[in-house]
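Here's the structure we're looking at; comments come further down.
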């Protein structure tokens, strides 16, 4: 039996996003929106998308095969594989079983799929960590996959789409250690759901969903704080805070990554944390603004003036602690389950390893319906090699911009392909980056066949074969 695992967390990270994107400035014009509505109003710059050549399975195959290749991971060292997604292609067969093709003769791998809107990846992460910390652990590592394609039918929601997949190697002695405290909020609401099975488009109440997100954040933050204080673990990091405030619970987090339906909502969410501190620990501040002091918690969720005030009061901290996590979200759009982990990848790509050591990274994961958790990582190892292997900025820069008209055509192509059998995709293989898996054909029995676009070098990897 292996000895008890210590410092369990993320040992390696990989991200995949499609090779083409549509600029949000051009989408504003195409959809008849005012200039800046998407870029300033939503905080989005570009949006990734897929044609009918890519789907959840291809995204996950690409991300996991790349993780195995870049980090030279022996498939036999993996004992658990979990997938979090809401982009379902089959109501019975899991995406995890499709990924088993990458693991050769190693069929002794636990785990399946988890789904609840954008939250499934986080639940998969917790499952993997709990397995490694349990008496059932056999000494091997786990891989967690979070990936989705976000696509909306109505013009108002179109700019909040996106696509991407994150693969994480989970194990002991990790540089990103999952801390034990977390606060969760689970409720029954209909803010966003996919009950109409004849379309991949969701049913959405956008404003209500934003309110649900912020209300869940309140509850998770308060519960995390209460549990952390109960463990006598909460302490400030000694960082000077603007507006003369220092010592609030918000300052126990050196950095923060949020689930990002859009980056403007992230800024509102971060401001909301300070509002909670003002209300719940007013003694930590020299002065609490009257507008905050008099606000009711429930009514404050839709108070735009209060929202602006809190965003303004946290602006300096936001730039230092949260903005580094927004590179992928603002350039790729909403990746649903992968979103918060794309934020984590952005953070370690933008902040040098030496500045991250022993820092706490707050994480807020939200999935409509709803399921949410606020948790944290403590950095206890070098992240330099991880950031180098990811190569986030270079890969973002290597993408190709397309027109909104072309994007609209690809949306129609996906509509045509949805739930079809005897179907051969029409999308371009040439546009895909080397190492990308793509759909070749769906046969008469709905069985899907994939292949991989080869790397430019002649070197072949044993994990990357036609499947």
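From the backbone N, Cα and C atoms, a Cβ is placed for every residue, glycine too.
Pulled from Swiss-Prot, these are the features on record:
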type	residues	note
ACT_SITE	86	active site, proton donor/acceptor
ACT_SITE	118	active site, acyl-thioester intermediate
ACT_SITE	259	active site, proton donor/acceptor
BINDING	35, 118, 160, 209, 259, 268, 334, 368	(3S)-3-hydroxy-3-methylglutaryl-CoA binding site
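Sequence features, as recorded in Swiss-Prot, placed on the structure.
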residue	record	DSSP (3 states)
35	(3S)-3-hydroxy-3-methylglutaryl-CoA binding site	coil
86	active site, proton donor/acceptor	coil
118	active site, acyl-thioester intermediate	strand
160	(3S)-3-hydroxy-3-methylglutaryl-CoA binding site	helix
209	(3S)-3-hydroxy-3-methylglutaryl-CoA binding site	helix
259	active site, proton donor/acceptor	coil
268	(3S)-3-hydroxy-3-methylglutaryl-CoA binding site	helix
334	(3S)-3-hydroxy-3-methylglutaryl-CoA binding site	coil
368	(3S)-3-hydroxy-3-methylglutaryl-CoA binding site	coil
Nonlocal neighbours by CB distance (under 8 Å) for residue 209 ((3S)-3-hydroxy-3-methylglutaryl-CoA binding site), same chain, sequence gap 6 or more: 191, 192, 261, 368
Among the (3S)-3-hydroxy-3-methylglutaryl-CoA-binding set 35, 118, 160, 209, 259, 268, 334, 368, as the record gives it, the longest Cα-Cα distance in Å: 29
Neighbourhood of residue 118 (active site, acyl-thioester intermediate) by C-beta distance under 8 A, where only residues 6 or more apart in the same chain count: 86, 148, 259, 261, 334, 336, 337, 339, 365, 366, 367, 368
Sequence-distant neighbours of residue 35 ((3S)-3-hydroxy-3-methylglutaryl-CoA binding site) in its chain (C-beta under 8 A, six or more apart): 25, 28
Residue among the recorded positions 259, 268 whose Cβ has the most other Cβ atoms within 10 Å: 259
Fewest-neighbour residue among binding-site residues, criterion Cβ within 10 Å, set 160, 334, 368: 160
For residue 86 (active site, proton donor/acceptor), the number of other Cβ atoms found within 10 Å of its own Cβ: 26
